[in-house]
Amino acid sequence: MKFSYAIAAVVAAAASVQAVETNGQRMARGLKPLPPRNIHRRASRTNEARGATPSGTPSGGDYNCNTGSVQCCNQVSKANDTVISAILGLLGIGGVADDVLVGLKCSPLSVVGLGSGNSCSQRPVCCENNSKGGLVSIGCIPITL
């Protein structure tokens with residue numbers, strides 16, 4: 001008798017299980033794949049942990065350089081580059097560390113006016129020392145506009 005109840009339970013369970021098509025079968029018919037099923041219903045510690053927040057958010061086009069103005073430079077290299085070091089020497093600029101980025105032939109760039117034809121085809125940077133009229137800008141940081 002116990003055996004017949006066990007068989008009846010197995011048959012009833014098998015009959016109540018619905019066949020779910022695989023994602024491969026759905027994609028073969030041109031349908032989107034199903035999202036993954038959550039097999040474990042209780043949350044784990046990683047699910048309960050608070051997600052990290054970004055350290056900063058870009059400010060919708062009003063890019064502000066903390067070190068100086070936005071410049072568009074024809075060339076940006078480290079101060080130990082042979083061309084850059086020669087130009088710095090000719091201008092009498094000394095004491096620049098070898099790993100500092102230096103921009104050559106820089107012109108001011110208005111980030112607000114980028115949509116109206118004011119664009120930088122070379123390399124946009126923020127430079128802290130633009131005292132040589134755009135010929136040499138020292139302490140540059142590359143930026144993405």
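From the backbone N, Cα and C atoms, a Cβ is placed for every residue, glycine too.
Here is what Swiss-Prot records for this protein:
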- CYS65-CYS126: disulfide bond (DISULFID)
- CYS72-CYS120: disulfide bond (DISULFID)
- CYS73-CYS106: disulfide bond (DISULFID)
- CYS127-CYS140: disulfide bond (DISULFID)
- ASN80: N-linked glycosylation site (CARBOHYD)
- ASN129: N-linked glycosylation site (CARBOHYD)
- 1-19: signal peptide (SIGNAL)
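Calculated from their C-alpha atoms, the gap between ASN129 (N-linked glycosylation site) and CYS140 (disulfide bond) amounts to 8 Å. Within the same chain, the residues at least 6 positions away from CYS140 (disulfide bond) whose Cβ sits under 8 Å from its Cβ are GLN71, CYS73, VAL76, LEU101, VAL102, GLY103, VAL125, CYS126, CYS127, GLU128, listed in sequence order. The disulfide-bonded residues in question are CYS65, CYS72, CYS120, and the one with the fewest Cβ neighbours inside 10 Å is CYS65. Sequence-distant contacts of CYS106 (disulfide bond), defined by Cβ-Cβ distance under 8 angstroms and a gap of at least six in the same chain, are GLN71, CYS72, CYS73, ASN74, VAL125, CYS127, ASN130, GLY134, LEU135, VAL136, SER137. A 10 Å cutoff on Cβ-Cβ distances gives ASN129 (N-linked glycosylation site) a total of 16 other Cβ atoms nearby, all chains included. Counting every protein chain shown, the number of other Cβ atoms lying within 10 Å of the Cβ of CYS127 (disulfide bond) is 24.
In the three-state DSSP scheme, ASN80 (N-linked glycosylation site) falls into the coil class. Among the disulfide-bonded residues CYS73, CYS126, the residue whose Cβ has the fewest other Cβ atoms within 10 Å is CYS126.
CYS65 (disulfide bond) sits 16 Å from CYS120 (disulfide bond), counting Cα to Cα. Geometry remark: CYS120 (disulfide bond) versus ASN80 (N-linked glycosylation site), CA distance 25 Å. When secondary structure is read from DSSP and collapsed to three states, CYS65 (disulfide bond) falls in the coil class.
With a 10 A radius on its CB, ASN80 (N-linked glycosylation site) counts 13 other CB atoms from all the protein chains.
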